[in-house]
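Q: Following this message is one structure expressed as structure tokens.
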Amino acid sequence: MRGIEAALYVLTEVSKGRFASESLRKVSDRMTEGDRILASSLVYAALRRQTLWKKVCENFLRFPFDSLSWCTRHALVIGAAGIIELRHFAPMVLVSALVDEIKKRGLEKEARIVNAVLHRVEERGKFIVDEMKKSSSFQDKALLGGIPLFVAYQWKDTWGQAETLKLINLFRIRPYASLRVLPKDHIPSLVKGLKQDHIYGWPSPLLECSVRTASFAFPPNLPGFNEGKVTVQSESSMLAGEMVTRLWKDGLILDMCAGRGIKTGQIATLLPHAKIEAWELSKGRCAAARRELKRLSISQRVIIRQGDSLSMSPQSTPNLVFLDAPCSGSGTWSRHPESRWALTKEKMEELVQLQKGLLRKAVDLVAPGGLILYSTCSLLRQENEQVIAEVLADNHNLIEMSLPLSGRHVRKGRPWGTYIWPLLPWLDGFYMMAILKRNQEV
Ligand SMILES: C[S@@+](CC[C@H](N)C(=O)[O-])C[C@H]1O[C@@H](n2cnc3c(N)ncnc32)[C@H](O)[C@@H]1O
């Protein structure tokens, strides 16, 4: 498969709700190394600033962009991103390959449109983008940063314009992979093994069990991966798991949203004496979580259950509830740029209702005197402080417990909880709040 064909395929998969990285991985063994690099560069350049490329193309269209077929829209976005952002290959080679792809699908008229528009983008596109860079308009800055406008305005309301512009720029940092290494005495041999694979890795100054790499992709055959000693996980995610282990004293830990079991596995590895029950709605993720726990050799110690946490009953009353809530993922938008464009105001409202429902359920379930850790990988106040505010308003026996987090990457929520700011390539944006359910009603 050629790189340009693969890029079109991946954008089609993304529009069906799939992750770009997974879709790229699916076709990677059908490509040469050069085509793999080309496909991945085009896909990420296109996805990071999709609305910007659309806007540039609209300058040269006489009818609405959205009236074109999906495939043509993808070709235009890939073409504009490639021509303006990627300087290492000839634009006309890209344009003719994209035109051929559209022709192959029998869309002769749209192929002519792609050809005409992308030639104009080649002549004028860079100038249009340079003019936007000079503009002081907030809207242009959001477009250039690849942040959906309604989110940029919500951040502006929360953090103010100056902070929001800094945050938008942080989303241009290229994310790198960090590795959770447990037991941590495996770190030296991992670093050595990575070096043999030409990957630079070094122990993180932030977390004892983390190794940072300067690699974007998941390095296959990591030394220690099959034995469960190494797991790809962002440092913010590791911090959330670590907070659970710091809050635990005794009794059952209930993980309400286990996903693929990444944090569940971390918690169970760090707390060999804790009893853990983990729930997950999705059948596929539940199966992935079971595989993950097997890889870590801890399947015996964790009960994984598939079902809706809004209506479940755990086997006993938990002393600690971990609610790693489903969210917009806005803190991980550097890593998963496709999620930026999947979020709509309506989707956001649905998520907020779900988050409130799950948090209310956590409050009902946790033992008096017990704790809840609420976390999201979102930097949107609606999914964080506002969810907490509503649940706290209905339950006067709940209070915030402070978390042992400090450093330049830590920010206080307003007024509750703590944000991890995505200041470094290994840190996603995260929010966490520990809640104590007091023993007596007040
Ligand atoms: C943020 S992810 C969890 C990530 C996970 N803790 C990890 O570290 O891999 C949220 C998860 O909640 C699940 N979910 C959504 N609604 C749910 C519900 N009502 N009950 C249980 N799980 C739910 C989603 O399928 C998703 O896997």
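Yeah, the Cβs are placed from backbone N, Cα and C, and that goes for glycine too.
Quantities reported herein were computed from a predicted structural model and do not represent experimental measurements.
Positions annotated as domain 'SAM-dependent MTase RsmB/NOP-type' by TrEMBL: 167-438. Look at TrEMBL and you will find GLU280, ASP308, ASP324 tagged as S-adenosyl-L-methionine binding site. Positions annotated as active site, nucleophile by TrEMBL: CYS377.
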Q: Mind telling me which of the binding-site residues GLU280, ASP308 has the densest Cβ neighbourhood, counting other Cβ atoms within 10 Å?
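A: Answer by Cβ density within 10 Å: GLU280.
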Q: Can you work out the mean pLDDT of the predicted model over the domain 'SAM-dependent MTase RsmB/NOP-type' (167-438)?
A: 95
Q: Rounding to the nearest whole angstrom, report the longest C-alpha distance spanning GLU280, ASP308, ASP324, listed for S-adenosyl-L-methionine.
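A: Output for S-adenosyl-L-methionine binders GLU280, ASP308, ASP324: max Cα distance 14 Å.
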Q: Long-range neighbours only, meaning 6 or more apart in sequence with Cβ under 8 Å: which ones does ASP324 (S-adenosyl-L-methionine binding site) have?
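A: Once residues fewer than 6 apart are set aside, ASP324 (S-adenosyl-L-methionine binding site) is near ALA240, ASP255, MET256, CYS257, ALA258, GLY259, LYS263, SER375, THR376.
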Q: Taking the Cβ of CYS377 (active site, nucleophile) as the centre, count every other Cβ atom within 10 Å, in any protein chain shown.
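A: Excluding its own Cβ, CYS377 (active site, nucleophile) sees 27 Cβ atoms within 10 Å.
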